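Asker: Please read through the structure below; I'll follow up with questions.
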Amino acid sequence: MPNDPLLQPYQLKHLTLRNRIIVTAHEPAYPEDGMPKERYRAYTVERARGGVAMTMTAGSAAVSKDSPPVFNNLLAYRDEIVPWIREMTDAVHEEGAVIMIQLTHLGRRTRWDKGDWLPVVAPSHHREAAHRAFPKKIEDWDIDRIIKDFADAAERMKAGGMDGVELEAYGHLIDQFASPLTNELDGPYGGSLDNRMRFCFDVLKAIRARVGDEFILGVRYTADECLPGGTDKAEGLEISKRLKESGLIDYLNIIRGHIDTDPGLTDVIPIQGMANSPHLDFAGEIRAATNFPTFHAAKIPDVATARHAIASGKVDMVGMTRAHMTDPHIVRKIIEKREEDIRPCVGANYCLDRIYQGGAAYCIHNAATGRELTMPHSIAKAHCRRKVVVVGTGPAGLEAARVAGERGHEVIVFEAASDPGGQVRLTAQSPRRREMISIIDWRMSQCEKLGVTFHFNTWAEAEAIQAESPDVVIIATGGLPHTEVLSRGNELVVSAWDIISGDAKPGTNVLIFDDAGDHAALQAAEFLATAGARVEIMTPDRSFAPEVMAMNLVPYMRCLQKLDVTFTVTYRLEAVEKSGNELVAHVGSDYGGISKQRTFDQVVVNHGTIPLDELYFELKPFSSNLGEIAHDQMIAGEPQSVVRNAEGKFQLFRIGDAVAARNTHAAIYDALRLLKDI
């Protein structure tokens, strides 16, 4: 048996799990027509191939038609899901992993205007703030129907080859019954804890009657809502004991907190700048009190924390879910004693925030995740060695250098600054975003292992690039802040970058005009307000900081509201002029009919970046493709074959913000899909 606690097998009823690491249930929003088709299967199988003991799919699969798929959920109520499930389970089993699926009825945690436009049901009329739907108070015939739906869905999953099912209780219908905050029913399903737990046990009994004993059944539930009047720790312990004593389930999966609001969700699933494993000790208390198999996941991003979770006996199986979105091969690298090669999860939460905004989940710095059908997690060697010159060491340039190095090419990188990182190094200046620098550090480490040559403090000139006789040139020079957005007074403003970097001294009465909606404006506001300034953030948008997204916004708002920062939406800064020692801001609105003046001593503009593209255009006439990228080939993940200049000596590509202001993920994706076939 291995000495590493993480690599020790675990016996869960009739199943032997090959190690202690699991990918807990989550919904990456990859279903097509409610089915786990090729894309979803490829994503799931990659984690099994990487060595996890168990992967749980769906977060969660809907059991009823009145549980609309607001997260693009799998539709477990449809019979046609069975063959798709069978293809997935067979493929996962071939890789040696166990696979389960999570089932749910969302209750009020959805919307009536999704799916079949059926009323949302819950044990009270109280809406969930996050999804805003006012529910119908559930009736007796609804309860009977939904219990049967759970059993039918579990039977389908067993027919599809699943090793078990997990009930998603927390925040969903089962926990809405269990919590005194959300259950206002009379009769057998409301009031006392016995009655509030009745729905959960009726569902479990119905499922167990259908699937038999040789099938794993677990519950992921809230053992402490951390809300006045809600399920508290004492009641959570009692619920845990009752679940064990029922004899109906095989493990507990512990959650602490509530997810009905963005702040609540962010405390349950912490992001960067928040503490690692904040609920691990609590899960350990549940395990100690019940002496029953216990699973847990909540910001356990690294092997050391996971190892502690198992070695200390706090849990039996440790979930590293977001970590496996970043690197699906964590277990393989542990076994091969290559922990330093594990791509680190930086807690940026790009994955979850995209889901909650209605998109598919992507990792901020692994562009292959969710694109396994076209993008590789392991880079294959090229058939012939080429010389690749990269200009810039932001995320795009470093990813290009890393991938080219993995291909076996000679790689030379030029960087004008003394340190790598570009905008990522800048954003990591803020304590809450310090983890972002790992995006850069990991790539630098990988590049050094691959023999990439770096020239820092070197301004790359076109002649110097051509003197290298490259086969491929990658321009990843990024951009500079775009502040030329006013009708007059552009010379009087500073950029958000100036504030974050410390290049501009903070004012005392500051307007931040945020026309980009990304992190920079909020970071600048936090820096200024912490320094004692009175700060107002103004945006012409009707919503605030849309590019930051919901969960990432929470820590900012908690800080900025306490510092009395003012937030103004739907107003546009049009011009700035100097008046003595003050600045007069001329403010209008896209909605028209507004013109007013405000006085500040500093104005900050956040309006994205302008590409640093002079070098690209200097080199373009000498390239074989004249800088052109074949979009169809790029989208399909195929090699670039454009030749527009037969006399050209090299292929030329520009990527990241050297093309246009986008984000870190887009920059890394540019690099991966262009360089993987070079």
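A Cβ is built for glycine as well, from the same backbone N, Cα and C atoms used for every other residue.
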Asker: Per Swiss-Prot, what member of Cys351, Cys384 joins Cys345, Cys363 in binding [4Fe-4S] cluster at one site?
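Answerer: The record-listed residue among the candidates is Cys351.
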Asker: Looking at Swiss-Prot, which one out of Arg220, Arg385, Arg386 binds FMN in the same site as Gly59, Gln102, Lys299, Thr321, Arg322?
Answerer: Arg220
Asker: Expressed to the nearest Å, what is the distance separating Cys363 ([4Fe-4S] cluster binding site) and Arg322 (FMN binding site) at their Cα atoms?
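Answerer: Here the two Cα atoms are 8 Å apart.
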Asker: Long-range neighbours only, meaning 6 or more apart in sequence with Cβ under 8 Å: which ones does Arg220 (FMN binding site) have?
Answerer: Thr24, Ala25, Gln102, Glu166, Leu167, Glu168, Ala169, Tyr170, Asn253, Ile254, Ile255, Phe295
Asker: In whole Å, how far is Arg322 (FMN binding site) from Cys345 ([4Fe-4S] cluster binding site) when you measure between their Cα atoms?
Answerer: 7
Asker: Just to confirm: which same-chain residues, 6+ apart in sequence, have a Cβ under 8 Å from the Cβ of Cys351 ([4Fe-4S] cluster binding site)?
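Answerer: Within the chain, Cys351 ([4Fe-4S] cluster binding site) has Cβ neighbours under 8 Å at Pro28, Arg322, Met325, Ala361, Tyr362, Cys363, Ile364, Thr369.
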Asker: Whole-number Å only: compute the distance from the Cα of Gly59 (FMN binding site) to the Cα of Arg433 (FAD binding site).
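Answerer: Counting only the Cα atoms, the answer is 27 Å.
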Asker: How long is the line from the C-alpha of Ala396 (FAD binding site) to the C-alpha of Thr321 (FMN binding site), rounded to the nearest angstrom?
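Answerer: For Ala396 (FAD binding site) versus Thr321 (FMN binding site), the Cα atoms are 25 Å apart.
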Asker: In whole Å, note down how far the CA of Arg433 (FAD binding site) lies from the CA of Thr321 (FMN binding site).
Answerer: 20
